[in-house]
Structure formats: C-alpha cells, structure tokens
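Read the structure below first, then the notes.
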Amino acid sequence: MAVAELYAQYNRVWIPDPEEVWKSAEIAKDYRAGDRVLRLLLEDGMELEYPVDPGSLPPLRNPDILVGENDLTALSYLHEPAVLHNLRIRFAESKLIYTYSGIILVAMNPYKQLPIYGDAIIHAYSGQNMGDMDPHIFAVAEEAYKQMARNNRNQSIIVSGESGAGKTVSARYAMRYFATVSKSSSNAHVEDKVLASNPITEAVGNAKTTRNDNSSRFGKYTEISFDERNQIIGANMRTYLLEKSRVVFQSENERNYHIFYQLCASAQQSEFKHLKLGSAEEFNYTRMGGNTVIEGVNDRADMVETQKTFTLLGFKKDFQMDVFKILAAILHLGNVQVTTVGNERSSVSEDDSHLKVFCELLGLETSKVAQWLCNRKIVTSSETVVKPMTRPQAINARDALAKKIYAHLFDFIVEQINQALHFSGKQHTFIGVLDIYGFETFDVNSFEQFCINYANEKLQQQFNLHVFKLEQEEYMKEDIPWTLIDFYDNQPVIDLIEAKMGILELLDEECLLPHGTDENWLQKLYNNFVNKNSLFEKPRMSNSSFIIQHFADKVEYQCEGFLEKNRDTVYDMLVEILRASKFHLCAAFFQESPVPSSPFGAMITVKSAKQVIKPNTKHFRTTVGNKFRSSLYLLMETLNATTPHYVRCIKPNDEKMPFEFDSKRIVQQLRACGVLETIRISAQSYPSRWTYLEFYSRYGILMTQQELSLSDKKEVCKVVLHRLIQDSNQYQFGRTKIFFRAGQVAYLEKLRLDKLRQDCIMIQKHVRGWLQRRKFLRERQAALTIQRYFRGQQTVRKAITATALKEAWAAIILQKYCRGYLVRNLYQLIRVATITIQAHTRGFLARRRYRKLLQEHKAVILQKYARAWLARRRFQNIRRFVLNIQLTYRVQRLQKKLEDQNRENHGLVEKLTSLAALRVGDLEKVQKLEAELEKAATHRHSYEEKGRRYRDTVEERLSKLQKHNAELELQRERAEQMLQEKSEELKEKMDKLTRQLFDDVQKEEQQRLVLEKGFELKTQAYEKQIESLREEIKALKDERSQLHHQLEEGQVTSDRLKGEVARLSKQAKTISEFEKEIELLQAQKIDVEKHVQSQKREMRERMSEVTKQLLESYDIEDVRSRLSVEDLEHLNEDGELWFAYEGLKKATRVLESHFQSQKDCYEKEIEGLNFKVVHLSQEINHLQKLFREETDINESIRHEVTRLTSENMMIPDFKQQISELERQKQDLESRLKEQAEKIEGKLEEPFSHLNRIREEERMQGRAVEAQSEMHPEGKERLVGAIHEPHEAIKFPKKQPEAEEEVESILQQEASRLSLEKRDLEEELDMKDRMIRRLQDQVKTLTKTTEKANHVHLPSGSREYLGMLEYKKEDEGKLIQNLILDLKPRGVVVNMIPGLPAHILFMCVRYADSLNDANMLKSLMNSAINGIKHVVKEHFEDLEMLSFWLSNTCHFLNCLKQYSGEEEFMKYNSPQQNKNCLNNFDLTEYRQILSDVAIRIYHQFIIVMENNLQPIIVPGMLEYESLQGISGLKPTGFRKRSSSIDDTDAYTMTSILQQLSYFYSTMCQNGLDPEIVRQAVKQLFYLVGAVTLNSLLLRKDMCSCRKGMQIRCNISFLEEWLKDKNVQSSLAKETLEPLSQAAWLLQVKKTTDSDAKEIAQCCTSLSAVQIIKILNSYTPIDDFEKRVNPSFVRKVQALLNNRGDSAQLMLDTKYLFQVTFPFTASPHALEMTQIPSSFKLGFLRRL
C-alpha cells in the first residue's frame, strides 16, 4: 500500500498552528504523488492549500473510534498531534486525568478535588488486571503490588514531572494504596506511620513557589518493606538534593519552607513562648518573598497536624521542642545585624537581641559567635592568621551557617523517621516510590537545575533501556524476528557530565583550588568541550554561561555560584563553636565521624541488572556534586535491580485553572518527560497489536464467504491480511497476536468504513427497490380487482334471468331441508350413544368411589382403635413415670415444708405469749379510758348549761338597752323644741353615736355568737376525740379548774370595775358646775340641761353595766390599764359618750386578743392529743393485725395437719405401686431371658443347619470318592445323581451371593435383637433405680408423716414432657457431639429444621424444671461458646455457617416461643403452652443469641460475597449474553501481556448457578424464608454495586451496546427472582442504579429535552455518577455519536440542585440491617426423636 493512498478525500490530517500547536483539517481532494500542495478544509469551513513535500506530508489523524483511548499506544497513528489530541479529549472533555502511554501513566493535574481516591475505588482496583480498568494511579500501584507478590521481585514506582504537576500527591496516593490493601491485624499502626511520614517531610521540605503552593524542594525515594505475607512491616526514606538556598533566599511571591510559617503562626501559644518568635513578617528569612500567606492554608492548623504526626511516629514532646528550638534559632540568626566598620571590616554587636536568643537557644557563647561571624581563621604551615571579613562576606557566612544547620536538621529528621519506621523482622520484598523533580529549564538556570537535569538524564536512560527490553521480550514471546530499533541514547550527555575530565570533575578540581572562581572553571569547560563535543555549546552573546543539549531540550546554565554551591562550606571556627554547643542536638550535628557513612543505610542489598559506570571519587573533600553523583549511582543501582513503573505528571496550565488545557505547555512537558520518546520508539516497531479473535470479530465484515467458511480463525486472519495489505512488511503474525505497523489499523478502519458505507448503500438500494416493487404490486392488484368486479357485473347482467333465479332459489330450499333431516338423524344417534356411555361410566366411577370410601372408613376405624391402644399404653407408661417423679418431688417439698413449719410454730408460740400479755394491758387501758369518757360527758353537759344561761342574760340586757334608747329619742325630740340650735347639734352627735354604738354592739354580738358557735363546734370535736384518750381527759380537767379560777378572778375584777364606775360618777359632778355657769347666761336652758345631764348619767351607768357584763370572766385590771387617764378624766365632758364608746372598743380588742391567745393554746394542746391518738390507733391496729395473723397461722396449721393426715393414707398405694414395679421387673427379666434364648436359638439354628449341610456334603463327597475308586465306570452316574443336592448343599461355595445375603440378614437380625436387648436392659436398670428410689422415698415419707401428725400433701400434677434429662458431667460431651463435632452434610436430610436447636432447648427445659440456675447458666454459656467456636473454626465454610445460622435462629425462636410471654404464646398450641419455661427468664440470653446470629449472618454474607464477587464483572459486563452486537476495539500496551485470558470464562449462567447454590444451601439448612430474602437482597446489591463500580471505572464499557447487554443480564436476574419466588425481598430495587445506568447508556443524548429526561429518570444515580457515565461514553463504531460537552454541562446544571453524595463509587461493603423474625415452631417437643448419628445416647427423654 502506497503512502499516497492514505491521503485520500475525507481523511483528516494535522497541520501546525501557532496557538494550538496542532489543528485538524480534512482533505478536500485526493493527494497524488508529485503534488506540491494539499487541498484542505479547516474545521471553521475555510479552504486551505497547504504546501507539502513528498518526504514530509502532514501527520494523519486517527479515526474517531480510536479517539479518547485509555492507552496512547492503541492509536493507529502515533505522533505528537495524535497524543496531544487524545489527551485533550480525555482531560478537557471527558474529565479523565489519567492516560496510559505504554508503560507510562500520564497524570494531568486537575487543580480540583475529585471523588476518585476513596477506599471504595481502592477496593475496586485491588486484584484487577491493569488493562481491565480505566487508567489510575491505583492501577499502577496494584500492578506493582501484584508483580511483587507473584514474582517475589522488588518494584519501583518512578513519579516525575515539573513543579506543580502533582508528583507529591501521586506518590502519596500510591503509598496510601499499599497501606490500604496490605493492612494486617498484627501491624495495625505500621501503615499509619508510613503515611504519617508524608506530612512531616512536606512541612520541612516543601515550600510555596510561583508554580506550586506545595512544591517539593527535594527528591525522595521511599522503600516500603513487605514480609512474606505481603504485608507492610516498615519503610525507609532516602532524600536527594535539598534546596538549601531557600532557607536564606526566596524569590518574589515565594515562601520559605512551611515549617517556619507554621512555627510563627503558633508563636503565641504557651509551649512556644520561650522561643521568642513573632509573626513571619518580623524575620528576614520568611518575609523575603513578600508573601507570607497561602490562600486557603491555615498555618496554625497545619502546625497542629505536624505535631500529631510527630506523635504518631513516636516522637516525644522533648524531641519536638528540640527541633522547634533549632528552627527558631535559624530565624533569629537571619535577623542578626552585621554592620560595616571601615572598608575591610564588619562587626556584630553582642547586645543584638536576636543574637542573644540564637545563642540562648543553641547553648552558645555570644561573644565567640559575634566574633567569628565577622572574622575567619586562615591556617598556614607556619602561622595562623585571623582575617576580618567585609559585611557581604559576613552575611554570606551567616547564611551559610543557617543553611548548614537546616540541612543537618533535615537529615536528622529523615533519619529519625527511618528509625521510627524501622522493623525488627526480615524484609522479604519492597516497593520503592521515587518522587523526584522532572526536567527543569528556567530563564536563569543554576547549579540546582544542572543537578536536576543530570538526574533526569540518568532516569531517561534507564527508562529507554527498560522500554527497549519490554519490546524485545514481547517480540520474543510472540516468536517475531527482533530487529534493532533506533532510539535516542543519552549516554553521551551523561558522559559529558560525569565522565573523567567531565563537567563535574572539572568543577570539583576548581573547588579544591584556594583561588578557584566560576570564571576559571567556565573557561576550562570552553577549552575542553567547545567544538569538540556536539552536546556542549557556548552562547554567542555571553561569556558567563554554557549550553548543554539534553534529551528534552537545550538548556543554558549561568556559571555564577556553581563553585560556592558545590563547596557548601562553613568556616571552621563557626563549626567549632557549634560543636561545643551545650545543646546536645546542635552539638551532635557537627561532630566528626571517623568513617563516613552512607546516608541511605545498609538495610537493603540490591544488585544492578545492568553494569553502571562508577563515579570517580578521588577527591579528599566531598562536594555537593560528588555526593549527588554517589547517591544517584546508588539510586540507579536500586532501580535497575527492581521492576520499574512510571508515572509522568503533567501541569495542564500555569494559571492553576481546573481542567484547562494549554497545548503549548503540555507539549513542552511531554517532550521533557519522555512520553513522546516512548511513542516514537513504539511507532518504529509494531505499535498496534490485535489478538486473532479481536481481529476476526472486528474485521469479519471484510472477509469473503469462502474465507469465512474456513474453520481455523487464525488462518482466516492470515488469508484476509494477505489480501487486504499487499506489503507483508506492514504486519507480522505472532503466536497469539497480529502486529501492525503505524497507520495500518487506520487503513483497515478505512476499508471497514468503506465496506460498511457500500453495504449501507446496497441495503438502501434493495430496501428502496423492495418498497417500490411492493407499491407497484399493490397498485397492480388493486387495478385487477376493480377490473374483475366490473367485468363480473357485466357478465351477470347478461347471463341471469328471472326463471333461472327462481329455480336456483327452489333448489337451495330443497337442499336445506334435506341436509337438516340427515344432520338431525345423525345427532339423535350420537346423543343416545353418548348418554348410554355416560351412564355406564358414571355408575362404574360411583361404585369404585363407594368401595374406596368403604375401605377408607374401615381403615380409619382400625387406625382409631390401634392408635387409641397405643396412646393408652403410652399414656399409662407416662402417667406411671410422672407419678413416680411427682412422688419424689412431693416428699422432698414436704420435708422442707415441715422443717420450715416447725421453725415458724416456735416463733408463733413466742409471739402469742407476748401478744397475750400486751392484750391484757390494752384491755385495762381501754376500761380506764371509758371511765374518763363518762366524766368528760358530765362536764360537757355542765358547760352547755352555763352557755345557755349566759346567752339568756345577754339577750335580756340588750332588750333593756333598746328600750332606754327609745326613751332617749323621745326626750331628745322634746329638747329640740326648746333649744333648736343646741338640740340640732346634740341631735346630730347623738344620732351618730347611737348608730355607731348600735352597730358596734350588733357586730360585737355577732362576733361573740360566731366565736361561741365555733367554740362549741370545736368543743364537740374535741370531746369526740377525747372519748378514746385518757390523757385528753386529764388535760380537760386541768383546763376546767383553770377556767373556774379565771371566773373567780373575773368576779373580783367585776367588783373592782363597779367601784371604779362609782368613782367616775362622783367626778361627773363637775359637769353640773359647768351647767350652773351656763344658767347664768341662759336661764331658760337650765331645766333642759339638767334633764340632759341626768340622761347622760343614766346612759353612762347603762354602759358601765354592759361593759361589766362583757368583761365578766376576764381580767378587768388589764382592761383598765389599757384605758388612758385622759379618757377617764374627760368622760364627764360634752363628748364623754364618744370617749366611753372608744373605751368600749379598746376593751373589746383586749378581749379578742386574750381569746385568740387562749385559742392558740388550745390548738397546741389539741395537736399533741391528736398525735397521741394516732399513736394509740397504730398500736391497736398492730395488735389487731397480730391477732389476725395468729388466727390465720393456727388455721393453716390445722389445714396442714389435715392435709398431712390425708397424705398418710396414700402410703399403702405407694407400697402397692412398688410391688407392682417389682413384679414388672421380674416380668422384664423373664422376657429378657426368653428373648436371649430365642436369639441364641435363632443364631444357632442357621449355623447348625449350615454345619449339618456341610457335614452331609463331606460325607457324600467321601462316599462318591469311595464309589469312584471301586467302580470307576459308574463315577459319572453317581456324580450326576448327587449333582442336584450337591448344588443345594454347597451353596456357600457355588453361590456366594446367596451366602452373603443370608449372612447380612442374620447380622441385621442379630443387631436388631441386640438393640432390643440393650433397650430392655436399660429399661430394666431404669426400673431398678426407680424402685430403689421409691423405696427410699416411702421410708422418708413414713418418717415425715409420723413427725407431721399424718399430714397430707395436696394432689396436683405438673407435666414435664418435651425434656431431655442429662447429667451435669455430661454437659461437655453434649456440646462436643451436638455442636463441635456435628457435620451438617448428610445430617440435614430427612431431619426437621433446627433439630440441634430443639435438642438444646429440651435440655434447657430440663435445667429449668430442676430450678437449677447454675446448671442452666452453664448450659447456655457452653452452647453459645460452642457455636462461636465452631463458626470461628469454619469461618469460610458456607454450609457450616448456613447450618449454624439456622440453628441459632431456631434456638432463639424456641426461647421466645416458650418464654411464657403473651406476644409469643398466642402462636402456640395448648400443649406447647404447657411446655413454657417456669422458673427462669432468659431474655438476656436471647439478646446474646441475637448478637451471635447477627455475627454469623455477616460472616455468612461475606463468604457468599467472596465467592460471588470474582464472577460478577466477567458475567455481567464482559460476557456477551446478546451475541454479535458488541464490536471490539484495539487494545493498548497494558493488555498485551496476556492476550487470551487463561482464567475460567465466567458467564451470566455462572452467576445464576452460584446464586442458586446459595439459595439451595440456605433452604436445605432450614433458614427462615425472611432471612433468605434478606440474604438474596444483599447479594443482589453486591451484584449491582460491583457491576456499576466497574462500569464507572471502565471507559471501554460505556457504550450503547453494552447498556443493552447489561439490561439483558438484569432481566435474567429478575427471572431468577421469580423462579425462586423471592420477589418480595426488594432485591430488584437494589439493581435500580445499575438499571438506570444501562438506560442512560442507551438513551438519546443530544437535545435539551433529553437532558431533562435524564435528570428526572436517573433518581437512583448521583449527579457525580451521571456525569461520569456521560463523560465516559465511548462509541463502538463510527455510527454512534459522542456526547457533546455542552450537553454534559446542561445535565450538570440540572443536577446542581440535588443534595447527592459526592462519592463516585457505591460501597460494596455496605450491609443492610438484618432482622430475625419470630417464627413459631409447629413441631411438638415431646415428639422429637434424636438420630443415632448424633451420638447422644446419654440423653434420656422425659
């Protein structure tokens, strides 16, 4: 095939573009050899005439089917634009950050958190082949782990890339993968420690740069060690070329190492205050870059995390503080001020605060440090000179010291981490993870970039050799001739750098010279290499730099600073000062070691697979370059001894925008990291490789019928290729694969597309022709039908007349009646025959049914009588047995009760004597109380009489007072007529006084009445209470005497009051004198005034009398004392009536207060009396209770004596039963002897018969021999005569089968008889024991009844059916035989479900019936521990787990069913309710059993999942249940290692068979149907989750046709659910996410309505999963369309409002909550039989 044929119309090419690097164009016209231009059509519609040269045609574009491939090597055209376009499609459109490029994993930094690193993703990649899943860092890690475990060979993962590409994150995820998949219980914290080392090294070795906020400024190779079980046991870390200059200098917008800012952010915390730090802006070493804060980073929180990781690795607080002290000292050192002194000197003040803190922290002398920071000592052969330094030199010395201290600290931390990760055991293998800087080129490149690029040259060489080796192995494996491939060998560049008299050696020599300079060294380079080595160039416009042609690009290096950085020296005096430090850690940093040790340890011995030139180390002083060369040599030696895996990290853009694709930057990195070199090497050989089956399936459409008829598909492929591709050099046939050169697959795809296009045109031609032909035939048939109809009508009109029509009608009528007659006759005949047959048949059936019913009726009668006889016999046996047990139990209970009764009787007698004495005393007290009660009654009558007399007196006085008031009113009216003015005033006063007085009197009277009534009521209440109290009576007597005494005192006071009233009346004469003076002024008023005065005197007397009566029985002196003298003096004045009234009110208040005090006193006394009453009532109640108890006890004693007496009457019956049992024993012995004799006779009979036959045979034989000797001629006759009996006699010899049959019959009979004999012996022994037990019980009962005075125990029966009696010492044997040694296989057949559980529960019932808590507790604990042990021993045995899960649930249900609780008893039969537990509540054990059942269920599910999971993906995804609809695509390098899978080919049938096996196992072991449904639901969830997870991680499976396959497989699972009748298990719903994913693959994905439909229908899928499926959708052929990125964005916008989880994967470890339903067992415990295979003969049924 000529190259020009590929440049045909409609094919596409790539042309260079200044913006996008490459852009696509379609060929508008076929290219022919010799054309100078190529007519192209750009994507924007522009036409372009592209100038071409026949030797440099533009690169062709791959077919769309190959775009977006997981592996770049699967592309047909392998070149830069194809690689770039494939990465753009995957990264920018499909949002896939990982892509394979042969053995390289290309990782694009998304600058966004993605949900693809969870534990579910790790488990999904674990155990998978590398090419089966989408590219991922976990896939590379799994491949390394698998090869290590399979081949026992060390592995390495080399992660490289420029700063900000994501190297550190990729390495971290790889280490996390190893820690997750290799976790073990024994080393639970090793993995955590390995992962914890990353935050520490990042804190002290990472910094912010302009390209990356967390840039690693050192290289790191971490060796993760594994033991023989492939579990992590430790790790070791090597570091390379720490960027020490960053400690003292940072460029703009960059930061120092993170740890400094973390320390400054935490400076105010108490634990860091002694470091005397401040903010980062205060220190020169942290503020130099001008940006001390990273957006989104909390340095204080990171400090806490750093401390946590220090602690996790075992570093104590003291160690951490030492590290922080050194870091703080470095910061303070950077702030030490150096001042200029003259032109050649400088100085540092000893009073510098930062210098003091620096010296204080490190334990140094301030004066010495200040001196030697500004001076240096020069030692010559003759003298020592101290030379001062200028200020720049002093600052350089200070910075060099800071760098040296930090470098030592960094190495020390790494060393301590290695010690923390050190392991004591033997390392078996290791996996190394190399996180190293990629190829770097900047505007200004210095010594650091030189070392970095030198390391990358070495790694690239190792990579090229490894790729070359893999290609060679692949070719040799497929038996393809190996030809050398031209590839770039960078050994000349490496020699330029490290060879003898190379760049590094010249640099080291210049460093040894005292006056060596960068310029001198550069001049040496010019002299040695310019125009002599093509890889070394001198810039045209510069004399201070040089250019090296590296494998990736030319790099120009500035020579300034090379020597200083290579020397990395600190002045000796400063070193001596630090060596003498009082701070142990600082002093240890600068101690001289006699033998230089390797910083990488000698823990691992590796041998290089390739000889590497060892570097020359002749110099005495080790330089940085020499160290780096040595460490690089060791690294390459290690990598060559391992199997490498490559990860190339790519930075997609410099703006850190998520999923932004910068083509220019990416092309630069692809060239630098060797990806394009790998592509170029692959393109030179045979990059495209197809298996014969893949080629046959894909390109079968290009084969002819003759080729398809061949049976050998391999031969068919060869024939087809010879025909399609004429140049045989374009392909090679291997053993299992076909190898194609670049472009051949694209050519085949073009041929396939052309063929499909032609076939489509042909199909369209034939379909259109068929449609037109069918249309024509339909129109033609319609025309013919119309013509036929019209022609028929014309013919009818011409041929038919009226006569012909009548004759035809008449013929039809005749035919109708004739045919009807014939049909009716035939019907009658058939009907009669049918009825006759039915009658005979029904009679026969009825007679047969009658006979059957009669036979069944008779059989039922026979069965009834037989079963009745059996039941009666069984009932009698059980009744006798139960009666014996009851007798034993009653006797024991009677004994115990009699002892308790005797003790109670003694106590009761003592109580009765004491109660009798108390009763006599109480009777005496009651009599005294009754006498006192009578006295109290008499006193009450006297008090009532006095009260009545008092009321009469008061009423009489009030009536008199009212009369006097009326007279006064009349007198007042007459006075008013004489003295109008005076009388009006007096009238007003008198009216007021009268009304007030009258009202007050009435109020006082009412109050007095209320008080008297209340007093009477309370007196009555008190009297009622006093009736039963002697003390109250005495108190009343005392109160009465006090009242009498008060009355006498009141009488005396009344007499005094009368005298006082008389005295007052004498003083009233002064009023008359005053009136005489008035008579002088008004003579006419004298008579009236006299009359008024007399009236006043009379009223005053009346008032005094009322007062005296009111104050009777009260203290009059007290009343008088309350009346003031002024009141008494002014009584005779004009307002004396008012004052008298006021005095009356005061007297009333005094009386009220006195009455209240008396009332309070009475109430206190009443409370005391009430308390005494309550106390006495309690004593009386207690005495009554004791009396009733005594009566009840006496009554119970009488009843008990009566009962024991009646029980004594049953002793003769017991004796009779014993004699009956002895007689039964004798009968059994006689029967046993007879059966033994019969057995012996039966056994002797056949043997004697055999012996007799053999004896006769021998006799006949001897006779025959004798006859033959005497008469030889008659020998044959005699032999013939005895032939028949001889055959009969010698059957043991001539008929061995018959003999064996006889012997087997005899053995069976003997075994049966021996079993019967053993049963009879056991029954006889049991009867003997029972007789002896009953005899002992009778003796005990006799003695007990004699003591109890013939007491009788009430008869009552308790049934103990459904129990198994066992001895406590047999408990271990029971658990061993029933649980530990029981094998479910063969036992569950013909056995009730959960038989071991029922047997255990019957033993539990026996322990419950004995009321033995220890026995029951021991049995339950032993059973539970036994179940746990057997499950632990067989934790992977599916049948054993199913069996014991079933029995644990049955045992749990038995404990519930027979617990006696109402909610469970309602499901029981009456007989089952009798079997409930009586003495113990086993609720606690039910909870324990439930927990055990849950653990067994979870382990059972895990075992089923482990068996099912390996076949889910092959059966659900990879197997084609719909044959022929899937198309195969070319595979990349990752699937080349094994083209034909040698594992078992699992299909959908395999999954269904496995599910059916699980289902049958569960049903066979008697699992509850509800538990079976839950297990099925869990398994279906696993099928759906694993399938969906694999679909999400396999881009090649996301196609429309694969969605059809998945939908078909789901329908098979649904059919399985219907067949097993488990649709109600909700298992179908667990497949809903997978079903929706299959629908999503098949649905149209173009319009807005499609987007809305997807958002509405895919409710079981999360938004992340939907977007992932849409981005991963891959068409199988050119007829399917890719999903437009704009459509994906529309769907994503519609899904933004969802509150879905951000997790991509379903959790395959998720377990639904299991519930164990209660199911009552229908089996009766008393009917349970124990199989002999259980070996439980020591159990006895009760």
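Even glycines carry a Cβ here, placed using N, Cα and C.
Keep in mind that TrEMBL annotations are predicted by a computer and have not been checked by a curator.
The number of other CB atoms found within 10 A of the CB of E162 (ATP binding site), across every protein chain shown, is 23. Among the features that TrEMBL reports, ATP binding site is placed at G161, E162, S163, G164, A165, G166, K167, T168.
What TrEMBL records for 884-1098 (among others) is coiled coil.
Sequence annotations record features per position, and here TrEMBL assigns coiled coil to 1211-1245 (among others). Summarising model confidence by region, the coiled coil (1211-1245) averages a pLDDT of 58.
The feature coiled coil is assigned by TrEMBL to 1303-1344 (among others).
Marked as domain 'Myosin N-terminal SH3-like' by TrEMBL: 8-62.
Taken from TrEMBL, the feature domain 'Dilute' applies to 1421-1697.
Secondary structure of the domain 'Myosin N-terminal SH3-like' (8-62) per DSSP (helix as H, G, I; strand as E, B; remaining residues coil): 0 helix, 27 strand, 28 coil. Other residues of the chain with a Cβ within 8 Å of the Cβ centroid of G161, E162, S163, G164, A165, G166, K167, T168, the ATP site, are N109, N212, S215, S216, G438, C649, K651. All protein chains included, G161 (ATP binding site) registers 26 other Cβ atoms within 10 Å of its own Cβ. Looking only at the binding-site residues G164, G166, the densest Cβ neighbourhood within 10 Å occurs at G166. Within 10 Å of the C-beta of S163 (ATP binding site) we count 19 further C-beta atoms, all protein chains included.
Counting every protein chain shown, the Cβ of A165 (ATP binding site) has 24 other Cβ atoms within 10 Å. Other Cβ atoms within 10 Å of the Cβ of T168 (ATP binding site) number 23 in total over all chains.
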